Amino acid sequence: MSRSLVKRVAPYLAGRIRENHRLLNFSSASAIKEASSSSSSQPESSSNDVVHLSDNCIRRMKELQSSEPEKKMLRLGVETGGCSGFQYKFELDNRTNPDDRVFEKNGVKLVVDNVSYDLVKGATIDYEEELIRAAFVVAVNPSAVGGCSCKSSFMVKL
């Protein structure tokens with residue numbers, strides 16, 4: 001990843017981190033609850049504000065949930081790294097945090113933290129099975145340009 005891209009993206013990410021840090025530093029739990037509910041109760045204005053789940057993703061999550069006594073959610077995060085600058089991180093989780101956004105389709109929940117959400121809104125999450133691997137992937141991401149063939153890293157569209 002070029003240093004110039006990092007220099008252009010860093011101020012944006014730093015601003016988002018500061019904004020989320022202020023949200024998490026409210027002095028009372030009720031303030032956190034109020035702030036998170038007001039941001040999540042706003043109507044979704046378009047399909048680009050939602051993170052979509054493919055039928056394959058839903059099928060695989062239901063398979064995983066059937067073997068667990070407690071239904072887990074799929075958590076998507078974005079971290080720096082990978083061959084293109086940012087990489088997707090998928091985990092199974094049973095908890096949400098105050099700064100999470102939750103998307104649900106057919107009983108399957110996807111959880112995305114607010115900082116990562118800005119980099120994946122409008123994206124479609126899929127589950128791909130190939131000869132050498134099977135994994136959750138971000139199949140389409142309108143916020144990304146470029147990326148690597150493994151589909152786990154990307155560059156941010158500025």
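If you go along the chain as it appears here, the first residue is 1 and each next one adds 1.
Using N, Cα and C of the backbone, Cβ positions are placed for all residues, glycine too.
Keep in mind it's a predicted model, so treat the numbers as computed, not measured.
Database features (Swiss-Prot):
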BINDING   Cys83, Cys148, Cys150  Fe cation binding site
TRANSIT   1-26  transit peptide
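Long-range Cβ contacts of Cys148 (Fe cation binding site) within its own chain (separation 6+, distance under 8 Å): Gly82, Cys83, Ser84, Phe154. For Cys83 (Fe cation binding site), the Cβ neighbour count at a 10 Å cut-off comes to 15, with all displayed protein chains included.
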